[in-house]
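Below is one structure, written out as structure tokens; comments come after it.
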Amino acid sequence: MIDKKQKPVKEEIVGIIFLAFTLISFLSLYTDSTGIIGKHIGIFLKGFFGTGSYVISALLLVFALMFLFTNKNFIKLHRSMALLGLFLMFISLNQLYYFPVLTDFKDYLSVAYISGINNTGGGIIGSLIVYFLVKMVGIIGSYILLISFTAIFIVLITDISLVSLIKSSYDKLKDRKKVSAKNKLQDKMAEKKAEEVESTEELVEVEKKERIDVPIEIVEQVEEERKVYEKAFLEKEEGEYTPPPITLLKEAIPSPKIKNEVLLEKAKKIEETLRNFGIEAKVVQVTKGPAITRFELQPSAGVKVSRIVSLTDDLALSLAAPSVRIEAPIPGKSAIGIEVPNEKITPVYLREVIDSKKFRSFKSELAIGLGKDIAGNIVIADLAKMPHLLIAGATGSGKSVCINSLIVSLLYKASPKQVKMILIDPKVVELNIYNGIPHLLTPVVTDPKKAAGVLNWAVQEMIRRYSLFADHGVRDIESYNEKYKEERLYKIVIIIDELSDLMMVSPAEVEEYIFRLAQMARAAGIHLVIATQRPSVDVITGVIKANIPSRISFAVSSQIDSRTILDMTGAEKLLGKGDMLFDPIGASKPIRVQGAFISEEEVEAVVNFLKENYSSHYEEIKVEEKTNGKNLDEEEDELLEDAVSVILETGQASISLLQRKLRIGYARAARIIDQLEQKGIISGYDGAKPRQIILPREEIQKILERKSV
């Protein structure tokens, strides 16, 4: 008797506890005032059930109330199971609608969990059902099965036959036809108004759904890294060299978020366009970058890659894009990359790169912050490993900004005792702003005639260092600095902003010095960065190109220019404004990078900080012998007369001719040609055209006789 009396009390206690739990669960979805437990319950429900978390919490609340206030079995078992099935169909359809394209299983579950927390999709439970359904029967088959089972569960819950419902609706429609014309018109008007209201409500719901942002966790991580890096700067204040404050550089602007629906629509357009040309392929992954979005495409068996590559223009037309670049295949993947420009380019600021953990932890003092790749990862290059860099790009493509980013990266990474720079700027206006910083070895060289002398000094410094290494029994600058820490040698970075201007003034000397430095200077700690806006073969000669394997190409005007700099096409498809192809030494294919941007105001702020806090100490570099070509008469070559005899006999003058006939090296033959030009015997350098003999034979003989006297 006592047990029977206590049974209702126990059930009531269980019911109250159940009601309290469901009430907390229900409120945790709408408010943050439920504490730590409520917060975790809400995250769990959203992560596992997505938008269905609101439905299941409401159902549990109703069940708790019915369990507490009714003494009978309030719902039959088959209806309970049907209700559960209907709920699973709801979250599965929701998941399938928002995320139909499958990725890696773990990535798909991870995205579903994060999206569920942000009230999108069907959470982990919905993603599990959808993943296996799509794998088995595809997207269309999944929709058919889910809708069919939804109808079955509705029938089980309501006990209403769908067939009888359709028949009764048809009978009512027949009866309605018998009504008078006046009533028909009124009914039609009423239906139209109702449809307008319904369509308006549907539009509002769609807009609300589209406004839901997909969470990007990278933003929070970047902010944390910035705080850490600012602390790192503060810790260095007591040392000999303090890099400029990071606050001198502009902060990054939050990137505009592209809706998943837009990306899925573009993926479908790509598949449809290829299908129209008889190519079956499927987009398996979409990667959004700062400037472009890459669609990874897997063609069906038997489809040639060249067929897809040939449809570049057709894909651009279908997607209404200014240009489309195809990477076939993507290195390390069995997929083809279709790179489509974003409607809005997200600028990558240099602060975002320098302020990153990757740049801060980079061990080399010659670290260069280039920008971000397609996946949004920060790209850092090591100039010490390149060991030289060739940069080319048309006007306005971002070449000068890249050079500024490179220089400022070195200023933040290395002290003047570690790295010194020689800046050669024939254009005068680009690099002059850096005069006075402590990292400069000599003031910015703006005279093209003096530039050859500076390069000659670099060659002599390289030879001196190799002699020093030989005397001390070491192989390179790293070994020397490690062994003799008190006599450390600084590394030298030579930056030439416009190579074509130097090649026009003294091509033979400049080519020879660059050739020698590119071949031998790496171990001596001397590195070249050469930039040009005219990547033609008379500027980037075969000798220079063969000895500088690392290259960066910005947007160029033609495929020929792209082949000249990269040995392949593709640079003509770039967007400009910092869009580059980075081809480091050892890479199988170039990496597409959105270059880091730094404004003139930021450069000026960094330079002013260094000028105010540090004094510049220039080394004396003697360049008199190379600044005036007329001094060549003072060191006339012994074989000059023999060279004159050769050109008079053959009727032509060239370096290669003197090399063959006189059996001398390139440098000596080039020097003799320069001396003949200064004496007015032969014409000057004119690109690919051969030099002409200007003076008649008699005048030449008089000059030589005068010299012998």
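Just so you know, glycine gets a Cβ as well, placed from its N, Cα and C.
Pulled from Swiss-Prot:
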| type | residues | note |
| --- | --- | --- |
| BINDING | G396, S397, G398, K399, S400, V401 | ATP binding site |
| DOMAIN | 376-563 | domain 'FtsK' |
| TOPO_DOM | 158-709 | topological domain 'Cytoplasmic' |
| TRANSMEM | 13-33 | transmembrane segment |
| TRANSMEM | 48-68 | transmembrane segment |
| TRANSMEM | 82-102 | transmembrane segment |
| TRANSMEM | 114-134 | transmembrane segment |
| TRANSMEM | 137-157 | transmembrane segment |
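Between the candidate binding-site residues, S397, S400, the densest Cβ environment within 10 Å is the one around S397. Shown are the binding-site residues G396, G398; of these, the residue with the fewest other Cβ atoms within 10 Å is G396.
In sequence order, G578, G595, F597, I598 are the residues of the chain that are 6 or more apart from V401 (ATP binding site) and have a CB within less than 8 Å of its CB. Taking a C-beta cut-off of under 8 angstroms and a sequence separation of 6 or more, K399 (ATP binding site) has the following same-chain neighbours: I391, A392, G393, A531, Q533, F554.
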